[in-house]
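Asker: Can you keep this structure in mind? I'll have questions shortly.
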There are 2 protein chains.
Amino acid sequence: MLELCLLGTGGMMPLPKRWLTSLMLRCNGSSLLIDCGEGTQIAMREKGWSPYSIDTICFTHYHADHISGLPGMLLSMGNAERTKPVTMIGPKGLARVVNGLRSIAPELPFAIEYIEIQEEEQRFSCESFQVEAFKVQHSIPCFGYKITIPRSGKFSVERAREAGIPVSCWNRLQHGEAVEHEGSLFTPDMVMGEARRGISVVYCTDTRPIPRIAEKAKDVDLFICEGMYGEEDKLSNAKKHKHMTMEEAAILGREARPREMWLTHYSPSEVYPEQYKDKFSHIFPVKFARDAWSKDISFEEEE
Amino acid sequence: MLELCLLGTGGMMPLPKRWLTSLMLRCNGSSLLIDCGEGTQIAMREKGWSPYSIDTICFTHYHADHISGLPGMLLSMGNAERTKPVTMIGPKGLARVVNGLRSIAPELPFAIEYIEIQEEEQRFSCESFQVEAFKVQHSIPCFGYKITIPRSGKFSVERAREAGIPVSCWNRLQHGEAVEHEGSLFTPDMVMGEARRGISVVYCTDTRPIPRIAEKAKDVDLFICEGMYGEEDKLSNAKKHKHMTMEEAAILGREARPREMWLTHYSPSEVYPEQYKDKFSHIFPVKFARDAWSKDISFEEEE
């Protein structure tokens, strides 16, 4: 099962009662954080989740509202006595930016591994999470993320018996290993069905709407997308600063048809984002997320 | 009049409902901020005060809980369309640390002037505020601050008349200027009484109790002092990490006899600092400050 919490929904600056946009995901004891603005560690504490298990931190880009909370978060992870290394993933410049911020957090009890994204689309394996970074269109290099929990195919007892594979080999085959037994080689494809639908979430902020986003968010379980402005006259503003209006986000939703879609990264001027609900629901039934909205997503049940 | 607000009272890490310790002072349209941890800009907004008028930012030291909110604060000052330069005062290393943090806030519409403290005790004039930095005893170089709003002596109409000074010269003399008039030189000391008691506040966190602190806080209007731990068994912890217990703070208070004393910078483990009220009030009537405690201090009335 994947547990996730949208720790905040604010863009630009943290406000009383609105933390900056950040997403935390947990699966099999490992946590993954996307973006870490000022206050993210407090939002995480309000949710009741620990910084200890954050194995991976992904950054969309290095504007302050997406990374300014990092030094405090790292220190809190250290205070929680974490010693296991942490992997950070982000656009080029990651090590330089983080090292700058670490002028106030120079000593940590864990190592940091920096992975700077080299391609327009790139995949990484991070504990239980499959991470795909994909380039979007902002005023500086910026990436969206698709996080997937893959699910292997179904084990076929029938095919295993037909192939004469001893029961003692089944477990390893189910876990994707090839097994040699008394001179015979058994491989997972002999007994496993096609990979089944896993769990997938797309997180995308600080960008103009581009086709790649809808492509990545196609049929995902949850699509979390920037909806910076609701007012019509803000479109030129959105274009100028390379952001997205709620309407543009809804149109992406209509193309991608995710199972659920949340808006986030509201401009500080948007005090009641929900007021636009009726305005955009005919395009796609977007939900206007609020701080700490959470969701547990399980593999779908089968007949 | 001096207006001040203790924006937060937390030490080490920001907590839900407890911002990191930071003090904001306002006088004659200018604001001065001491320390700026993660979330200070939100605490300031909750108070309803603007970042626009912050002319001076003083840092006690560069542990993250005292400076991690700076990039966001600077960006918010920029968003508020500030263009007037900002003065920063702090221990050596100020420019290096701030430039590291500015890796995520590289473009600001105002200049920053860095003043690195060179002496163990050093004074600065910052708009309406007289600032005195004094070295304290922490694990890294750390300073306390005494902020004073000076008050000149009383103008004596009698003495001015006796000296034959024309009324047209009085105003400039009252403002401390010497005036030449028809060949005669008139100086303020001819008509002004001795400087009167001004307004003074001492702010002091992250230190062992040392005599200098009581000396600086002697008879001030408000003494804001670290009170990291209340439990008796935390004294060794306080000594080890160069912090101060509430009892040690109360003893400093007894020596300094300020008109009022607030504790702050509570350890995250101290959930209800007020529980120690009866324990230390016989030493000195310290008050257990909470976030956003505010005070307006005027020049004292005269007969």
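Glycine is treated like the rest: Cβ placed from N, Cα and C.
TrEMBL does not curate its annotations; it predicts them automatically.
Quick paste from TrEMBL:
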type	residues	note
ACT_SITE	A:Asp65	active site, proton acceptor
BINDING	A:His61, A:His63, A:His138, A:Asp206	Zn(2+) 1 binding site
BINDING	A:Asp65, A:His66, A:Asp206, A:His265	Zn(2+) 2 binding site
DOMAIN	A:196-266	domain 'Metallo-beta-lactamase'
Asker: Would you list the other residues of this chain near Zn(2+) 1 - those whose C-beta lies within 8 angstroms of the C-beta centroid of A:His61, A:His63, A:His138, A:Asp206 - in sequence order?
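Answerer: Filtered neighbour residues, in order: A:Thr60, A:Tyr62, A:His66, A:Ser139, A:Ile140, A:Cys142, A:Thr205, A:Thr207, A:Lys242.
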Asker: What subset of the binding-site residues A:His61, A:His138, A:Asp206, A:His265 has a Cβ sitting under 8 Å from a Cβ of chain B?
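Answerer: Contact set vs B: none.
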Asker: Please list, in sequence order, every residue of the chain apart from A:Asp65, A:His66, A:Asp206, A:His265 whose Cβ lies within 8 Å of the Cβ centroid of the Zn(2+) 2 site.
Answerer: A:Gly11, A:Met12, A:Leu20, A:Thr21, A:Asp35, A:Gly37, A:Thr60, A:His61, A:His63, A:Thr205, A:Glu226
Asker: Non-local Cβ contacts of A:Asp65 (active site, proton acceptor) (under 8 Å, 6 or more apart, same chain)?
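Answerer: Those within reach of A:Asp65 (active site, proton acceptor), by Cβ under 8 Å and sequence separation of 6 or more, are A:Gly10, A:Gly11, A:Met12, A:Met13, A:Pro14, A:Leu20, A:Thr21, A:Gly37, A:Glu38.
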Asker: Using the alpha carbons only, what distance in Å do you get between A:His63 (Zn(2+) 1 binding site) and A:His265 (Zn(2+) 2 binding site) once rounded?
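Answerer: Approximately 13 Å lies between the Cα of A:His63 (Zn(2+) 1 binding site) and that of A:His265 (Zn(2+) 2 binding site).
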Asker: Can you break down the domain 'Metallo-beta-lactamase' (A:196-266) into helix, strand and coil residue counts using DSSP?
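Answerer: The composition, in the requested order, is 27 helix, 21 strand, 23 coil.
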Asker: Using a 10 Å cut-off on Cβ-Cβ distances across all protein chains shown, tell me which of the binding-site residues (A:His63, A:His265) has the largest neighbour count.
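Answerer: The residue with the densest Cβ neighbourhood is A:His265.
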Asker: Take the Cβ of A:His66 (Zn(2+) 2 binding site) and count every other Cβ within 10 Å, whichever protein chain it belongs to.
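Answerer: Other Cβ atoms found within 10 Å: 27.
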Asker: In terms of Cα spacing, which of the binding-site residues A:His61, A:His138, A:Asp206 are within 10 angstroms of A:His265 (Zn(2+) 2 binding site)?
Answerer: A:Asp206
Asker: Round to a whole number and give the Cα-to-Cα distance in Å for the pair A:Asp206 (Zn(2+) 1 binding site) and A:His66 (Zn(2+) 2 binding site).
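Answerer: Taking the Cα atoms only, A:Asp206 (Zn(2+) 1 binding site) lies 10 Å from A:His66 (Zn(2+) 2 binding site).
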Asker: Suppose we draw a 10 Å sphere around the Cβ of A:His61 (Zn(2+) 1 binding site). How many other Cβ atoms does it contain, all chains included?
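Answerer: So the Cβ neighbour count for A:His61 (Zn(2+) 1 binding site) comes to 22.
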Asker: So what sits near A:His138 (Zn(2+) 1 binding site) in its own chain, CB-to-CB under 8 Å and at least six residues off in sequence?
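Answerer: For A:His138 (Zn(2+) 1 binding site), the qualifying residues are A:His61, A:Asp206, A:Thr207, A:Arg208, A:Lys242, A:His243.
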